[in-house]
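Here's the structure, in structure tokens; my notes come after.
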Amino acid sequence: MRRSFFCIDSHTCGNPVRVVAGGGPLLPHVSMAERREIFVRDHDWVRKALMFEPRGHDIMSGAIIYPSVREDCDFAALFIEVSGCLPMCGAGTIGLATVAIEEGLITPRVPGRLSIETPAGKVDVDYQLKDGFVEAVRLFNVASYLHSRDVVVDVSGLGSLSVDIAYGGNFYAVIEPQENWSGLDGMSASDIVTLSQRLRDALSVVCDPVHPDDERIRGVHHAIWCDAAGSENADGRGAVFYGDKAIDRSPGGTGTSARMAQLYGRGRLGIGDSFRNESLIGTVFEGRIEGAALVGGIPGILPSIGGWARVIGHNTIFVDERDPLAHGFQIR
């Protein structure tokens, strides 16, 4: 049996976003949080086939479009990447919104705005359209907050590190320069991957954060290594790690949200403040704290992220059960 998937490929500030516009598995008409559980249980082979080699690669990410059960949303989305099926993905949302509008997949109820149901909740996206193309997008992300301060772990190759745990749609370990880590300068991509893997393993022993409003969202699977900006167009720089060995090419939407929540929790950003976050390749997301929020009684923020994406092609992908590598593979 051969299954086909119609995909539209894009990138958000350098990070790939593969939008599955046709062929995704049929799921019950329930919330996206419930659909995510069903997808992971029964259909994770789709994620692996579309994200892993030979059809994808180590940093591939994407989204599958679904109808929403919410009357206040235009559509719904599941976010998939090499590491799993995520509650939320900021870069993925920016790419998804750009594809949905430029390719005519969705007709928004309100021109200039899309409302999307995600497993993490409803997110709104404002977009600027010029000559039929989406020039810029601003994502209004889910409520974000600082979960834990100064979690001390021993990381082989560095020694003792103090990290914060923050939520921006996914839980992040937030690392700032300190005695045993001087910053991103001089770190290779291989260094970031190796140290992130060790950090995540060490954190898993001492810290297992759970979202206060949804216990299905738990655990630190992402890290953001933060440093001073590399250009005058940014306020900070970060390397986002996820999966087994992936480094986000964009500044990271949920990562930038988590970083702003951490800075807010430490009193270094306030309501209405902006934070321009630079990626390793020099692209920038403009974050802004739109308002305050309570997340299970914990003070947090309502972040927005400004960025852009570009459509790069159409792709009909076949998954043939006769193929011994039909469901993809990874080299670890």
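In case you wondered, yes, glycine gets a Cβ from its N, Cα and C as well.
When other Cβ atoms within 10 Å of the Cβ of Cys89 (active site, proton acceptor) are tallied across all protein chains shown, the result is 30. What Swiss-Prot lists as active site, proton acceptor is Cys89.
Counting only same-chain residues six or more apart in sequence, the Cβ atoms lying under 8 angstroms from the Cβ of Gly253 (substrate binding site) belong to Thr12, Cys89, Gly90, Ala91, Gly92, Thr93, Ile94, Leu139, Asn141, Gly168, Gly169, Phe285, Ile305, Gly307. Sequence annotations record features per position, and here Swiss-Prot assigns substrate binding site to His222, Asp248, Gly253, Thr254.
Annotation note: Thr254 (substrate binding site) sits in a helical segment as assigned by DSSP. In sequence order, Cys89, Gly90, Ala91, Gly168, Gly169, Asn170, Tyr172, Ile224, Val240, Tyr242, Gly252, Gly255, Thr256, Ser257, Ala258 are the residues of the same chain, not among His222, Asp248, Gly253, Thr254, whose CB sits within 8 A of the CB centroid for the substrate site.
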